[in-house]
Amino acid sequence: MKTKFNVNQTGGLEVSLLSTEQVQACSECAKLKARGCFSGKLAETYFIPEFSGSKQKLLAGFGEPEKLTIDDYRLLAFNIGKCAHQHKLTEISLKLDKPKHLCLGRITQAVAEGFWRADHAFDEYFTDKEVDPELTVNLQVPSDKLERVEANLAEMHDVMEGIELTQELANQPAIVMYPERVCEIAKEKLAPLGVKIEIFDKAACEQLGMHAFLAVASGSDREPRFLVMTYEGNPASNERLGLVGKGICYDAGGYSIKSTEGMSTMFDDMTGGATVIGAIYALAKRKAKVNVVAATALCENMLSGSSYKPGDIVRSMAGKTIEIANTDAEGRVTLADAVYYVTSRCNVTKIVDIATLTGACLVALGEEFTGVVTDSDDFYKDLENASSKADEKIWRLPVSERFKAMNKSKRADIKNVAGRLGGTVTAGLFVREFLAKDMPWLHLDIAGTAYLHEASGYLPIFATGTIVKTFYNLAKQQEACSSACER
């Protein structure tokens, strides 16, 4: 993150935030609007260079202030940041105007995220690239809010580092980001923050009885790793949240092989694992008074003489047998062992699993909403609150006994593909089978939201880092005394 923030310091080009009403009332702005240059529409930007003695100006559209949302501020800051980078500006000044209906603390964090996302680009493999100068943003806020705003900025900085860690892990090609390397990076980033790191190699996983996970890993020359990260920020509390992410570092589909097009971005199939790593990083960096166990079963799903095959039956760590109907439905098979380990060995009181799991979720909810499958109403309400605060959209899908029955096998306890219909729900309910019935559980399918093929608003092309903020907020709900939002 290259953009730096100062609060209530002067200097730099002042950004003029103009509503559509103000543009209408200003004769000079009206001329710009008549030429189609600037209308004051939300998040619109227009740069006027220095010319014939006139000063530089950066105009930004404030839309209709009484209708603004927190997410609007995020996009506004993103577009201002992009405009500043485009014109090689090194310092700007921005007054944080706050409508009565919004919280200054949340506005501050949204603005910071917007500017930092404007910095982000996955471009390290380009040999020739233009590097933007560092940008300093001088935020102007009421003097009595200065300390609070600085605290909001510091918190968002650490959360954004977690998001960028997730993006870095998910964006790298599989030739670089294989199971052992993911573990090395996690240890390097998390151990200095007090996170306990446990790395189980193939032999250790065999001893644990993680035969479902190892079946998926069997086709690759890259050895699997099971990574467990434990953060104890509040040892006196019995509350402990489990976060388990799918960690398929490359998914060729195995014998149920994908097409070339379908394979081309399958280095990102470990984004669930990358998300839980980013989330626990943010919590540990903030020294949050919460307890979290994050885990990911890391392997590649490849095709070779030693690969598992359609028709195989494998025994999970929980003891349940799984009929392999399709080797390209491998994520849920690895999650079966991972969630069982975390719930049976790590004393968690609630668990969430997250995965780029089903194309059915992408078809149903597109790239805007993360799908949620759960039978835990109260826990889902906690997730709703966390995602709402994060401005990360989720959508709960229905569950029923009929969906559950679709996973039944005639040859084993359960099969890993239920058929074409209700694919996101049946996949989530498959994972549910490896948990105790009274364990509060959420399943998040980020197949559509984790990775974009084109940029959308402030979200970048490629890995988005979605749900890191939601997990951060969800875990923080453990804290007994959360400070009230500063208004």
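Glycine too: its Cβ is placed from the backbone N, Cα and C atoms.
As written in TrEMBL, here are the features:
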type: BINDING; residues: Lys246, Asp251, Asp269, Glu330; note: Mn(2+) 2 binding site
type: BINDING; residues: Asp251, Asp328, Glu330; note: Mn(2+) 1 binding site
type: ACT_SITE; residues: Lys258; note: active site
type: DOMAIN; residues: 326-333; note: domain 'Cytosol aminopeptidase'
type: ACT_SITE; residues: Arg332; note: active site
The sparsest Cβ environment within 10 Å, among the binding-site residues Asp251, Asp269, Asp328, Glu330, is found at Asp328
Across the domain 'Cytosol aminopeptidase' (326-333), DSSP labelling yields 3 helix, 0 strand, 5 coil
CA-CA within 10 A of Lys246 (Mn(2+) 2 binding site), subset of recorded positions Lys258, Asp328, Arg332 in residue order, equals Arg332
Checking the recorded positions Lys246, Lys258, Arg332 for other Cβ atoms within 10 Å of each Cβ, the smallest tally belongs to Lys258
Once DSSP output is merged into helix, strand and coil, Lys258 (active site) belongs to coil
Other than Lys246, Asp251, Asp269, Glu330, the chain contributes near Mn(2+) 2 (Cβ within 8 Å of their centroid) the residues Gly247, Ile248, Met266, Met270, Asn301, Gly331, Thr334, Ala355, Thr356
A 10 Å Cα radius around Lys258 (active site) captures, of the recorded positions Asp251, Asp269, Asp328, Glu330, Arg332, exactly Asp251, Asp328
Not counting Asp251, Asp328, Glu330, residues with a CB within 8 A of the CB centroid of the Mn(2+) 1 site are Val216, Ile248, Ala252, Gly253, Gly254, Ser256, Lys258, Met266, Asp269, Asn301, Thr327, Ala329, Gly331
In three-state DSSP terms, Lys246 (Mn(2+) 2 binding site) is classed as strand
In the three-state DSSP scheme, Asp269 (Mn(2+) 2 binding site) belongs to helix
